[in-house]
Amino acid sequence: MNSKFRGTLLGVLIGDCCGAVFEGEVLDAGQKFVLRKFINKLEGVSFTAPRQKYTDDTAMTKSVARCLLKYDEKSYQKNLAVDFVKEYCSSTTSRGYGDGVQRLLVTLRKEKFEDLLGPARNQFNGTGSFGNGAAMRISPVSLYCVNKSDDFLFDLVGKTSEITHANVIGINGAILQALAIREVLKLESDDLDVNNYVTNLLESFKKIEKGEDEFGIHEQKFYTEQLEGMRKLLNKEILPSDEEVVNILGHSVNALYSVPTAIYCFLRNVNLLKGNREKLFRSTLEYAICLGGDTDTIASMACSLVGAFTGDSIIAKNLIKHCESSEEIIELSDKLYEIVFSEIFKKDLHLNDEKMN
Ligand code: R7I
Ligand code: MG
Ligand code: MG
């Protein structure tokens, strides 16, 4: 489990660092070749360039991990907002934050965090952001909630998301990614029944997107429909082309058109590499970036799923070494593992004590 914790956060970092170079592009055959060479170089021993920089995806993930470690339930949300702003302001390099989120962090700072959730609700003329920024940073919450109830997880995802994303699409994207990671973390073998896994996610989303509001008015089942589309793609006899995948699932900064895409990238490669798990990380990384569009975020979310599934042992050591701050990411994963499992360990001891008495 410690290795799965490391794999999850290293997946976020490496997908982000590698994908950032191609963000916003549509990759033709020539660029796909360049991509392969680029990752080969990062995996090689002779790489001497400065380490590959991470972007907002990792910066915000680090904030979430730090605050889960440091604060209790009551003070977590406010301190997370402060940490987001600190991380944003202290960065000496451009981290590629979304335009809306940048304005919001400036407002929070200017207004001294007095209204913690108001600025997010005011985003985009009052609709709130549907960007994938809440989903891209959610993996530490999955780690923290590995043994907690769904309700506990939903609540913590909400607290972590609503500081910047008030739109239901943005928040539900984070819930989907959080559930998807937690489900693979909990697997005890390296055998993943893809069909079953998608069914479980669909069942959860059918409950979340009930289909009708409290007045009985029909609501669109956004993620449920995307997950159905994903299942069809996974069950196709002929492997779908990149264009077909992008047409059905999308590859944009909209959470609805990127979170299911990231999960698809992971599951497609699980299906393809059944007897060859050592190749799963590299293969998913390359495939997610090949789809183009929001490459740092889709690769980051997809690789986080691989890491949660296999642990960090299948990630090339040099690739880890050549990404900025990988030591810090490993340290955060280990500390999260410690607090999650020391709590359980303490509970077990307590139960045993009770039995003895
Ligand atoms: O969601 P967010 O943090 O962005 C994350 C993305 C990732 O790809 C990162 O790698 C980084 O590149 O940014 O930031 P937001 O600013 O909330 O949303 C991102 C973008 O989505 C915005 O700049 C808008 O272009 C678009 N967007 C919307 N456009 C119209 N109406 C988000 N919500 C809306 C909306 O409601
Ligand atoms: Mg980014
Ligand atoms: Mg991105």
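Cβ coordinates come from backbone N, Cα and C, glycine included.
According to TrEMBL:
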type	residues	note
SIGNAL	1-19	signal peptide
BINDING	Thr55, Asp56, Asp57, Asp294, Asp296, Thr297	Mg(2+) binding site
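For ligand 3, the nearby binding-site residues are Asp294, Asp296; that is, of Thr55, Asp56, Asp294, Asp296, these have a C-beta under 6 Å from one of its atoms. Around Asp56 (Mg(2+) binding site), a 10 Å sphere centred on its CB holds 25 further CB atoms from the protein chains shown. Listed binding-site residues: Thr55, Thr297. The one with the lowest count of other Cβ atoms within 10 Å of its Cβ is Thr55.
Residues 38-39, 42, 52-55, 57-58, 61, 65, 136, 139-140, 142-143, 146, 181, 185, 281, 285, 288-289, 295-313, 315, 319-320, 323-326, 329-330, 332-334, 336-337, 341 of the same chain, all 6+ positions outside the signal peptide (1-19), place their C-beta atoms under 8 angstroms from a C-beta of that stretch.
Highest local Cβ density among the binding-site residues Asp57, Asp294, Asp296 belongs to Asp57, counted as other Cβ atoms within 10 Å over all protein chains shown.
Within 8 Å of the centroid defined by the CB atoms of Thr55, Asp56, Asp57, Asp294, Asp296, Thr297, the record's Mg(2+) site, lie the Cβ atoms of Asp16, Gly19, Ala20, Glu23, Gly96, Met136, Ser300, excluding the listed residues themselves.
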